[in-house]
Amino acid sequence: MSSSPLTATPSPLLPAKSKSPPSHYHPLLSYLPHCTSLRALSQLHAVAVKAGLHAHPPFVTRLLTLCTEQGAAPAHLAYARQVFDRIPNPGDVVWYNTLLRGYARGVGAGAGAARVFVRLLEEGVAPDTYTFVSLLKACAAARAGEEGRQAHGVAVKAGAAEHEYVVPTLISMYAECGDVRAARVMFDRMDGECVVSYNAMITAAVRSSRPGEALVLFREMQAKGLNPTSVTLICVLSACALLGALELGRWIHDYIRKINLDSLVKVSTALIDMYAKCGSLEDAIGVFQEMESRDKQAWSVMIVAYANHGYGKEAISMFEEMKKQGIKPDHVTFLGVLYACSHSGMVSEGLQYFDSMREYGIVPGIKHYGCVTDLLARSGQLERAYKFIDELPIKPTAILWRTLLSACGGHGDVDMGKHVFERILELDDSHGGDYVIFSNLCANTGRWEEMNMVRKLMSEKGVVKVPGCSSIEIDNMVHEFFSGDGRHPQSEEARRMVDEVIEQLKLIGYVPNTSHVFHVEMGEEEKAASLRYHSEKLAISFGLINTSPGTTLRVVKNLRVCPDCHSMAKLVSMVFNRRIILRDLNRFHHFEDGICSCGDYW
């Protein structure tokens with residue numbers, strides 16, 4: 001925002017020409033609850049103005065409440081603001097609080113809320129704790145951190161900053177605006193125990209990709225005897241999903257049953273999402289089937305779950321069933337459908353579904369465009385994908401071009417890759433993966449000079465490759481392994497197991513796939529050695545050591561699984577009779593009896 005709303009001059013008032021309002025109850029009040037549309041409200045308001053009720057407290061309060069209640073359309077809030085602006089010298093703090101509460105329920109309304117608060121101060125109306133709570137919630141909804149900080153300052157001056165309702169709202173505001181440090185400072189200064197404050201901090205930890213911290217906070221809550229709410233559990237399930245902590249997620253599911261929250265649709269939806277992201281599609285399906293009622297979000301999450309696990313036909317079948325049930329799909333539903341088509345190679349079907357989005361009044365977003373790009377590029381239609389991105393009605397992001405660059409690497413098209421790489425650098429030159437993909441593509445096609453130039457550029461800009469990291473959950477503890485290093489206490493033991501596994505796999509024909517290792521100075525043995533201790537190999541081997549025979553191994557990796565690790569996992573599943581479920585950056589891979597569910601299409 002160009003200027004701070006808390007110091008800006010409010011818009012001029014439009015004085016109403018009418019006689020003094022009556023102070024008693026008026027019959028028109030009884031008609032307000034029956035006004036179900038904005039047109040009906042505005043017509044009744046016009047009658048009220050003619051009757052001199054433009055500033056009548058009971059009428060104005062009820063009108064503002066109807067226009068700002070939960071679920072009201074943005075047009076209603078705008079109308080409420082117009083009504084408020086036409087009241088000369090509004091002196092009732094309830095009116096301000098009602099309007100601020102409406103802004104708090106909206107999206108992107110931080111500036112409007114701040115201007116209402118400025119008017120309150122200029123009119124000499126004393127704010128109360130409800131004023132600050134609503135104002136801070138509005139700033140949080142709009143991600144208006146600067147306005148939120150100023151509101152905090154005013155709350156301190158007014159002596160309201162330490163109030164039991166204001167403190168958790170401040171924590172939530174800072175967390176929503178991305179200032180986790182400030183949120184933590186407020187949290188640590190908090191007197192007493194507050195579930196709302198814990199919820200805010202747990203939510204902040206999950207949204208800033210710190211699931212471990214979220215789980216520590218949850219354990220703190222339990223140790224202090226605080227009863228979690230549905231919000232707590234939904235966030236903790238999200239933390240389990242990020243970590244791939246299936247057993248912990250199952251424990252939380254049992255806990256949810258004990259406190260009778262499993263009947264809540266949002267909680268069940270979070271459970272579906274957790275199970276699916278932790279690799280147990282069976283459990284996700286079970287929760288979905290047990291739900292007594294399902295909303296749009298529940299259907300959408302289940303469709304996305306099928307898509308990410310590579311069950312494209314099942315995802316599409318569920319989408320069609322959802323429509324038969326009379327549930328209108330939204331943008332998340334279509335993301336799942338497009339993922340399903342992309343991961344299953346259903347190009348024509350995916351394009352048809354993309355075109356049908358507008359039939360439901362859904363304007364495609366950047367993620368939908370990304371799915372179509374991936375759909376085309378993955379199938380080898382690189383030129384068509386390039387044209388699709390180049391002709392978008394919005395400015396393409398680096399992520400869209402990055403999707404195409406990855407496909408160029410997979411299909412070995414160095415010329416297209418060069419064009420795409422240049423487009424990416426115009427938008428973002430700080431992502432190490434882009435340099436690695438293009439330099440490998442150059443090396444694979446013998447363009448050593450270009451490869452060296454790319455690596456030199458990468459060095460000059462100080463860009464580093466994100467290290468591979470894989471995690472595996474054993475006995476309710478998540479173990480992380482990084483490629484090539486020994487951070488884990490049992491890393492040496494895991495390495496020795498990798499060596500043993502590879503020796504056994506060689507007996508049935510395993511040969512390291514070095515096709516994606518491009519170092520001119522390296523021989524084949526050195527290339528094979530560079531692949532040996534990739535993070536997913538360490539995690540799988542650690543799982544073989546620490547679990548009983550036949551136990552399913554569930555691994556989560558932060559990057560795309562490499563071809564050699566993919567080949568190894570297939571053979572391990574056959575030789576050691578283990579089912580391996582590996583979640584990488586793009587999708588799930590289910591390895592069983594030497595076969596992967598992706599069909600080597602990833």
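Cβ atoms are placed via backbone N, Cα and C, with glycine included.
Residues or ranges marked as domain 'DYW' by TrEMBL: 509-602.
Per TrEMBL, region 'Disordered' is recorded for 1-20.
Per TrEMBL, the feature repeat 'PPR' maps to 92-127 (among others). Per-residue pLDDT, averaged along the repeat 'PPR' (92-127), amounts to 81 for this model.
Under the heading repeat 'PPR', TrEMBL lists 194-228 (among others). Secondary structure by DSSP for the repeat 'PPR' (194-228): 26 helix, 0 strand, 9 coil.
According to TrEMBL, the repeat 'PPR' annotation covers 295-329 (among others). For the repeat 'PPR' (295-329), the number of residues in each DSSP class (helix H, G, I; strand E, B; coil) is 26 helix, 0 strand, 9 coil.
Look at TrEMBL and you will find 330-364 (among others) tagged as repeat 'PPR'. Mapped onto DSSP helix, strand and coil, the repeat 'PPR' (330-364) counts 28 helix, 0 strand, 7 coil.
Within its own chain, the repeat 'PPR' (295-329) has Cβ neighbours under 8 Å at 265-266, 268-269, 272-273, 275-277, 281, 284-285, 288, 335-337, 339-341, 343-346, 349, 360, 362, 587-590, 597-598, counting only residues six or more beyond its boundaries.
With a cut-off of 8 Å between Cβ atoms, the residues of this chain six or more beyond the repeat 'PPR' (194-228) that come close are 164, 167-168, 171-172, 174-176, 178, 180, 183-184, 187, 235-236, 238-240, 242-243, 245, 248, 259, 478.
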